[in-house]
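If you look up Swiss-Prot, you'll see Gly33, Pro34, Val35, Gly36, Ser37, Gly38, Lys39, Thr40 marked as GTP binding site.
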Amino acid sequence: MPPHLIDGQPHQHIDRPRRVRQPGEPLRIGIGGPVGSGKTALVAALCRTLRDEISVAVLTNDIYTTEDADFLRRHAVLPDERITAVQTGGCPHTAIRDDITANLDAIEDLIATNEPLDLILVESGGDNLTATFSSGLIDVQIFVIDVAGGDKVPRKGGPGVTFSDLLVINKTDLAPMVGADLTVMARDAAAVREGRPTAMISLTEDPAASEVLAWVRAHLTEAHQTDHAH
């Protein structure tokens, strides 16, 4: 699919109501986090398993390129028509939080091309710890950080670390090399997240991202049960 563009002009915040998923609509899961934290690799890992179980598609957000979508296509994690991209310009958070129009249009195109869909993974462009998804765009969100930033990152907090539905601390296999204490990271994450779950993963040691996969499956099951209750 051709990329959806944001024109690069200043954008005003557009207030949208919180999304209420309708029966039969695909579940939308946002995956955000800083540059290099492993978002695209996590998306690829989830797709490799879920593509044999459900109907899934991916929407990526890149600043000026379609690099993340191209990576997923090169690695054939899904058929090309199930992967599309939004080019966000210089402010990647704008496209997922303030003016989500381009993402909503891209989602409509994915659904029209691939219906029926069970799940759409929406990957944000790389941003800082303050980036979050609009509740009008996604149903639940995952925020990915990695140990390379040091064990102080969970303690710093920020909306993504604190309020995401699932916090993923990635690349745990690198902890000894960067001097990060995983126990400290887990403790600090628990302190700021007030009971929200945290998954500590290494795609090197667990290529399927089993803990994250289980969380996604649980939300898919919940969505399926909700549909059948109507």
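Positions of Cβ are set from backbone N, Cα and C atoms, glycine also.
All features noted in Swiss-Prot, drawn onto the structure.
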residue	record	Cβ within 10 Å
Gly33	GTP binding site	27
Pro34	GTP binding site	22
Val35	GTP binding site	11
Gly36	GTP binding site	14
Ser37	GTP binding site	24
Gly38	GTP binding site	23
Lys39	GTP binding site	26
Thr40	GTP binding site	23
Helix, strand or coil at Gly36 (GTP binding site) [DSSP, three-state]: coil
Additional residues around GTP, ordered along the sequence, whose Cβ is within 8 Å of the centroid of Gly33, Pro34, Val35, Gly36, Ser37, Gly38, Lys39, Thr40: Gly126, Val144, Asp146, Asn170
